[in-house]
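A.B. asks: In case it's useful when we look at the structure, here is the feature table from TrEMBL:
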type	residues	note
DOMAIN	A:38-140	domain 'HPt'
MOD_RES	A:His79	phosphohistidine
Amino acid sequence: MDRNHLKRQVDFMKRSFLDQGYLDEQFIQLEELQDDDNPNFVEEIVTLFFNDSARLLQNIEQALVSGPIDFAKLDNYMHQFKGSSSSIGAKRVKDECTRFKEYCTAGNAEGCFRTFVQVKQEHATLRTKLETYFQLARQAGPPGTSRGQVR
Amino acid sequence: MLEPPTKITALVVDDDTINQMIHHRLLDNLGIRNQVVRNGKEAIDVHCSGKNFDLILMDMEMPVMNGIEATRKLRAMGIRSMIAGVSTNTRERENFMKAGLDDYQEKPLTTSKLVSILHKVHKDG
């Protein structure tokens, strides 16, 4: 397993996530906060995000299916979820959240249902992609050893 | 290479664990000693216990006591620290500023946003 080859693969994967809009600049910002003392910072944050968001998504699902829809409550939940998504650079997820919130504001239940399916889908897709990414990144070893970046 | 640790201290006030981690790391990375609390009330309590900070990063929407109320209270207590509001709620921005903020930044916070806040921090004495 050539380390450099793996590193190139990791970089390429990240590039493609950015190009396809799964992630945005915020993810890069988080990676720049990693160093020898905090080598797994991004993976830790992302893991935290997926744990937290699973709960939030459950709450939203509950709110959607139980009784008359409380759009204010939904909007509140989604605002939280959008915030965390934005914090880790989860662009596509964030964009779907924005759409959902627009339907909430408009009191459009059908729109909310439809968009929520999209939110869950983007969330699941990103989760899989990032799991693979971090697995590969761990195999490739800590960054910076071959970069020699000076700030 | 990182600058040598400064003597600036900071308080992160945010209910979201992810933002807590990110802001804590951003500050650590700049050599700024910092503490994290989960809401406005805890921010008040930590000041009542005698602690003081050069910079307070204040989230707006928090349970128990939100950022607007906490900022008002801190100012009423005579706290002169630099308070930077960090939020995504643009509707309440004006009210937040009026409560006594020195600066306001949109989330997510980045190193460059933090640096621009820090340029405004005064170190007394």
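Using N, Cα and C of the backbone, Cβ positions are placed for all residues, glycine too.
Model, not experiment: these values are computed from the prediction.
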A.B. asks: Just how many other Cβ atoms lie inside 10 Å of the Cβ on the residue listed as 'phosphohistidine'?
C.D. replies: 15
A.B. asks: Using DSSP, how many residues in the domain 'HPt' (A:38-140) fall into helix, strand and coil?
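C.D. replies: Across the domain 'HPt' (A:38-140), DSSP assigns the residues as follows: 90 helix, 1 strand, 12 coil.
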